[in-house]
Amino acid sequence: MSERTKRSVGVLGAPFSKGQARGGVEEGPIYIRRAGLIEKLEELEYEVRDYGDLHFPELPCDEPFQNVKNPRTVGQAAEKVANAVSEVKRSGRVCLTLGGDHSLAVGTITGHAKVHPDLCVVWVDAHADINTPITSPSGNLHGQPVSFLIRELQTKVPAIPGFSWVQPSLSAKDIVYIGLRDVDPGEHYILKTLGIKSYSMSDVDRLTINKVMEETIEFLVGKKKRPIHLSFDIDGLDPSVAPATGTPVPGGLTYREGMYITEQLYNTGLLSAVDMMEVNPSRGETERESKLTVNTSLNMILSCFGKAREGFHASSLRVPDLI
């Protein structure tokens, strides 16, 4: 990567909620910014360009397709995100997308792949989000984005309204899941049939997060260096540290494990795009829970950009000599 790519970040807000049923997740971007995101990235010596928030008009009469809800609204929003992410990547910046619900990963990854078609993905989540429109129990598109992206699944994914623009950009060997603990039967079948590398929380417990990250990095970029896209659903973390999200699942990654994942991805020097998804301040039962979730998401983001738990100092800092 160029020096500018390593030290320059483009922040893109995606305040969108129609991939699932719970309102409030569209407020994620503004809350994360208010927590000091831009200033803290600048303290890490990044040149930051804030591209602002995308606008997502709600389409009237967006009838379900079979049981898939809001297909045209979600498809249009994801396409807008894809175009915006491509613009950020063409500028040479690392792209940070603030969601919004996880259906938008169809857009973030497709947009990234337009510029870096050899990318790979680390997907941190309690859920696999790889249901097809046919296997999805709920019909919510935030549980389906990966199915649109995987080439080996395209004979299983029907043409649904709003998604004709999507071209699959990943093979099954290009993605690794970390943190799974609520996987639907159809998703489990897909993961096992395609041999997609995934680490459930049982695997994390058994191997430790250090081994999980060693294996993940070796699998994705050990033989060939290529851009890494981190798509981070905040519900990958345990509800004790990130309660304000739409579908929390007990028994998740600890704060320390989340930090270790992001630190190790930063240390590769290959992290090219980051999604922070499903932060929903309205789902906190108290103001403290909402603030805790926002601050946790902020710290995960900053760790992606080099904030180390051991401390940090500006390159210009000097301890003055006594006169």
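Count begins at 1; order follows the chain as displayed.
Glycine is treated like the rest: Cβ placed from N, Cα and C.
Binding of Mn(2+) 1 is attributed by Swiss-Prot to ASP125, ASP129, ASP233, and the same site annotation extends, among HIS102, HIS112, HIS188, to HIS102. Record check, Swiss-Prot: substrate site residues include HIS127, ALA128, ASP129, ILE130, ASN131, SER138, GLY139, ASN140, ASP184, GLU278, and the candidate from THR97, THR216, THR247 also listed there is THR247. ASP129 (Mn(2+) 1 binding site) falls outside any helix or strand according to DSSP and counts as coil. Cβ crowding, taken as the number of other Cβ atoms within 10 Å, peaks at HIS102 among the binding-site residues HIS102, HIS127. Take the Cα of ASP125 (Mn(2+) 1 binding site) and measure to each of the binding-site residues ASN131, GLY139, ASP184, ASP235, GLU278: the nearest one is ASP235. Measuring Cα to Cα from HIS102 (Mn(2+) 1 binding site), the binding-site residues that fall within 10 Å are GLU278, out of GLY139, ASP184, ASP235, GLU278. Of all the Cβ atoms in the protein chains shown, 27 others lie within 10 Å of the Cβ of ASP233 (Mn(2+) 1 binding site). The binding-site residues near ASP129 (Mn(2+) 1 binding site), taking a 10 angstroms Cα-Cα threshold over the set GLY139, ASP235, GLU278, amount to none. When the alpha carbons of GLU278 (substrate binding site) and ASP235 (Mn(2+) 2 binding site) are compared, the span between them is 7 angstrom.
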